[in-house]
């Protein structure tokens with residue numbers, strides 16, 4: 001009987017963790033979409049990207065500098081980067097979910113995926 | 001400017017709906033429309049597409065997670081293969097000429113088309129009537145799962161098999177994803193549904209999550225290379241999020257067969273267009 005109850009508790013915890021993943025994902029997606037929308041609307045209303053010619057910022061420093069100056073393209077790029085981060089966030093929260101489920105094997109497997117993603121980012125920024 | 005943004009938004013809504021219904025990324029639809037329809041360079045199309053794939057995936061995952069169709073263990077284990085594949089592809093893309101990318105993309109679309117037709121003509125398979133014996137790896141990794149099918153109103157328990165084959169196929173799917181900026185949903189569903197014998201609905205839902213994680217790997221590379229243009233990618237991404245919300249609401253009430261019948265002619269037309277553009281560019 002007690003074993004059964006423990007199993008039920010664990011199921012409950014897993015269920016809660018899954019709901020948490022859903023919530024976190026939702027917040028991430030809405031945040032990214034909101035920032036993109038603001039940027040797009042600013043770009044369409046003002047008719048200016050905030051930069052000369054067809055240039056758009058794509059490095060951390062230039063995007064941050066553009067954000068400080070409220071330049072539409074910099075705001076859109078921030079939204080796009082937030083969107084790219086949502087699947088990464090998904091992996092991070094999944095590690096937590098597997099931890100809650102006491103599933104050590106999958107905590108490791110999911111951590112490997114996260115490490116591969118971080119390596120991909122480093123390659124993206126600095127090349128091979 | 002306003003018209004272009006609105007047009008891209010609509011492209012996104014369409015791609016998002018179709019993408020979430022079929023468990024594919026929006027890329028298959030977004031890339032042909034941007035390159036053939038709007039005449040923009042394929043480099044920017046790939047950049048926008050990879051964003052579209054992430055939007056499709058993240059938008060749909062929220063809905064799927066609530067419906068518990070998703071198999072998180074299968075997703076995470078196979079992600080090891082797809083992310084490594086995506087990095088390989090994203091590094092290779094710099095070495096290949098745009099014309100070849102277009103032709104390759106056309107071939108990919110035609111192949112997807114052939115694959116769907118084959119499934120339509122094959123024996124009518126319902127998700128519930130399979131009896132799969134799990135292989136050794138599947139048992140060790142506890143990859144089997146269960147989901148509730150709203151159409152038949154039954155809880156379905158399932159097993160998966162042939163894990164090494166599926167894993168290898170997933171590396172290829174990741175490679176294609178990094179190279180062409182697509183979600184490779186078709187290859188991922190093949191790996192799970194055809195090779196590993198997982199039922200189609202959890203396969204599609206799981207593929208959706210995996211596409212996002214795979215695309216995040218190659219998207220970072222494209223982002224910091226400047227291949228993701230804000231005025232193209234953002235309206236499409238916003239449209240996709242709207243479309244994905246629509247698609248996941250319809251999905252539960254439709255048989256996969258109907259989805260394929262609707263989609264085959266669209267794929268075929270786009271594939272031919274891309275192939276002509278790619279080959280035409282070499283002469």
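Each residue, glycine too, has its Cβ placed from N, Cα and C.
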Transmembrane segment per TrEMBL: which of the ranges B:44-65, B:110-131 is that?
B:44-65
Chain residues outside the transmembrane segment (B:232-251) and at least six past its termini with a C-beta under 8 angstroms from it:
5-6, 8-21, 26, 30, 34, 40, 44, 47-48, 51-52, 54-56, 59-60, 63-64
Give the nonlocal contacts of the transmembrane segment (B:168-187) in its own chain as ranges (CB under 8 Å, at least six residues past its ends).
19, 22-28, 31, 45-47, 49-50, 53, 56-57, 78, 81-93, 96, 101, 104-105, 108, 111-112, 115, 195, 204, 207-208, 210-211, 214-215, 217-218, 221-222
